[in-house]
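Residues or ranges marked as disulfide bond by Swiss-Prot on the basis of experimental evidence: 50-62, 56-68. The signal peptide feature in Swiss-Prot is assigned to 1-25.
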């Protein structure tokens, strides 16, 4: 076998390994992917979403994004 043949076979073997491992990696990611509900944790009950005219607990106010925020802190 000459050098070019050895290099070609080595690259082919690497490509096969990458393809096989890549498929397993995708399935692992899909199994362990977080859903939207798992990622969106509320800060606390005081800072929950508010749909107007629902009122927030004092001193919090409902902002444009419909979230109860402290007007003194701005968040």
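Cβ coordinates are placed from backbone N, Cα and C, and glycine is handled just like the others.
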*Run through the Cβ atoms and count how many others sit within 10 Å of the one on residue 50 (disulfide bond).*
19
_I'd like to know which of the disulfide-bonded residues 56, 62, 68 has the most other Cβ atoms within 10 Å of its Cβ._
68
*Expressed to the nearest Å, what is the distance separating residue 62 (disulfide bond) and residue 56 (disulfide bond) at their Cα atoms?*
6
*Distance, residue 68 (disulfide bond) to residue 50 (disulfide bond) (CA atoms, angstrom)*: 6
